[in-house]
Amino acid sequence: MPLAAVSLGLLLLALLLLLRHLGWGLVTIFWFEYVLQPVHNLIMGDTKEQRILRYVQQNAKPGDPQSVLEAIDTYCTQKEWAMNVGDAKGQIMDAVIREYSPSLVLELGAYCGYSAVRMARLLQPGARLLTMEMNPDYAAITQQMLNFAGLQDKVTILNGASQDLIPQLKKKYDVDTLDMVFLDHWKDRYLPDTLLLEKCGLLRKGTVLLADNVIVPGTPDFLAYVRGSSSFECTHYSSYLEYMKVVDGLEKAIYQGPSSPDKS
């Protein structure tokens with residue numbers, strides 16, 4: 001019995017140390033995504049992403065992107081947490097779009113289309129957004145979301161893995177260089193895909209990289225690279241994790257051209 005108590009105590013201590021290491025933001029995400037959501041899906045007989053789309057279709061105004069964003073934010077605040085960029089960080093994204101007025105934007109990670117709607121609604125006539133999404137179900141929901149918002153002509157959805165699609169952009173999708181890249185996919189892909197964009201000649205002097213979730217869940221290797229390279233000028237925007245009072249942030253990295261990876 002004492003041995004069992006000691007073992008339990010050590011297990012609890014290890015769990016607490018793990019939680020401290022991960023941070024409560026990641027723990028909260030884990031709880032929502034891997035505990036509550038599967039139970040909810042089982043009870044409802046559908047997926048969270050389908051429920052978000054249905055809520056938008058029932059509560060937003062067709063052809064009105066702002067009402068689509070507000071409906072998604074309402075659902076994710078009041079009903080189920082979801083990994084959209086959210087309104088707090090979304091306002092930072094809006095400011096960046098307005099400042100640089102990009103003609104060609106690449107988004108890595110579409111999810112349900114929230115950020116695609118958010119960016120596309122601010123693009124100038126003739127500008128376009130390419131969004132890459134590996135999950136075919138998410139890609140289908142993003143297309144329906146864009147159709148409902150009336151933005152389908154501004155956005156092209158590319159279904160597949162970013163590392164496979166990026167090398168195809170020049171020949172298959174008529175891309176010379178990109179004006180802006182929004183990174184919001186797998187966090188361990190931020191750095192490899194940034195390097196791949198450089199290697200493929202898709203970045204020009206002045207290309208804006210805007211990366212979400214650089215604090216939670218965090219992208220330490222990406223931040224170390226862009227902040228430590230004279231190829232980028234970086235600005236950090238502190239904010240909150242979507243729909244939570246957990247500190248997160250966006251990183252803006254403006255490409256300066258190829259150079260030494262170490263700043264002098």
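Here the Cβ of each residue, glycine as well, is placed from N, Cα and C on the backbone.
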Quiz item: D174, D176, D179, D184: which one does Swiss-Prot list with D212, N213 for the Mg(2+) site?
Solution: D184
Exercise. Taking Swiss-Prot at its word that K187, N213 bind substrate, choose the one of E198, E233, E242 listed for that site.
Key: E242
Practice problem: From V85, V208, V214, grab the residue that Swiss-Prot records in the same S-adenosyl-L-methionine site as E107, S115, E133, M134, G160, A161, S162, Q163, D184. | Solution: V85
Quiz prompt | phosphoserine according to Swiss-Prot, picked from S231, S259 | solution = S259
Quiz item: Whole-number Å distance between the CA of Q163 (S-adenosyl-L-methionine binding site) and the CA of E242 (substrate binding site)?
Solution: 26
Quiz item: Considering only the recorded positions K187, D212, N213, S259, which residue has the minimal Cα-Cα separation from A161 (S-adenosyl-L-methionine binding site)?
Solution: K187
Self-check item: Cα proximity to K187 (substrate binding site), best match among recorded positions V85, S115, D212, S259
Solution: D212
Exercise. Report the member of D184, D212, E242 (the binding-site residues) whose C-beta atom has the most other C-beta atoms within 10 angstroms.
Key: D212
